[in-house]
Ligand code: KIV
Ligand code: ZN
């Protein structure tokens, strides 16, 4: 047993399965680079066989990432596994993560297979995968609710076929820390070849215990890999949160006695990048990455911290990447300074053309806002018009009028497949009018299920960051837009959501 804890990040796969959190290839690539900068050991880049878009994302990440292992999920069948191997072909280090459900409920109701058929399919899948890639992870889906005797047979079989990591998912977030830890301990003790694989935990947060369960799987069960996501992003209540699990193991090294390779100073930037990209806002009191995580409001606490920081702080804010909001650039900053700051923030734009577009946007922003913070720069490069990805809808300009006692109206100019269109509408407020103006032309018929505005850097001078969640034909997407004018930010967010909705990608769910 090694004393290194492997951090396996699945923000781009399980995290993305969260309704509305779908990301474009460029967005995923940017996050993957940040994960590499964080020194995540394994990046689960997607589920290559689920759609062409996912395949291309996994492929692009496999090409770009050099230090972390890049992994693709695959159901336990030859087609999925071959597709995963193909997408990972150019990776420095590649892993295939194959899975099949093993709980009685899933086998009978979902797969309509007998336990013997499931066992045989798991065996064949790992055998096939092992011929393509050396590093194979196997997950018995809904493992925690599976019959331990059957699970022992399946896991022993796949290890014998060459699986190198065994992951035990608590797919529905049903576990209790002590029980989950003992469940894994028991499996490891009963399976004769259990020492030939690294054991991994994968916990969902339905009862708010994903981090606690994962830590129990490590401490009691002896697992040496934790599967997690930035900000705990993931289906329903989410997955185990990377920042919490990593900081728990680091801060309480006295108890866990384990090393983690994560460069924690990049945690806050990663958290912001994921939240700005997906529109999933981080709650202020969220551990480690919430805006209040290191804020001391009560007089007694403030006094204590000023006298000796460790009276009330168990971690140092700067160790996880909280620096005072730095004014990094202003109106007079040049292209080189801008480019260098992008590099420091871990943003790698694909071409000089993209840097030029981003720089022009930066200059525009600096004309309207004297202090440009890191958050502004990250929001700016998240703007779809900066990246080379061709989107169907693009924002051009907006005029709106609102006055007490008058019905607000808005006129928006935007592009549809590169061609400019102009559309006007009235609405209950200027935001409503601008969305109605877009809808009057596009006629998507989508239902808006969420609208939220956030100030990026805390003051009224700040850029507003708007998230719009649309639902149509069973698909849910989030669009994000940022601008000092929140009506413009709203229109950008609406167009961004429409772009995601219109993308043809038909995806197969990992837990279908
Ligand atoms: O939660 C789960 O069971 C999964 C598997 C596909 C590993 O995400
Ligand atoms: Zn999962």
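Including glycine, each Cβ sits where the backbone N, Cα and C put it.
Around the Cβ of residue 202 (Mn(2+) binding site), 29 further Cβ atoms fall within 10 Å across all displayed protein chains. Positions annotated as Mn(2+) binding site by Swiss-Prot, on the basis of sequence analysis: 14, 202, 204, 239.
Positions annotated as domain 'Pyruvate carboxyltransferase' by Swiss-Prot, on the basis of sequence analysis: 5-268.
Feature annotation from Swiss-Prot assigns region 'Regulatory domain' to 394-512.
Taking each Cβ in turn and tallying the other Cβ atoms within 10 Å, the top scorer among the binding-site residues 14, 204, 239 is 239. Classification of residue 14 (Mn(2+) binding site) by DSSP places it in coil, neither helical nor stranded. A Cβ within 8 Å of the Cβ centre of 14, 202, 204, 239, the residues given for Mn(2+), is found for these other residues of the same chain: 10, 169, 171, 203, 205, 210, 227, 228, 229, 234, 235, 238, 240.
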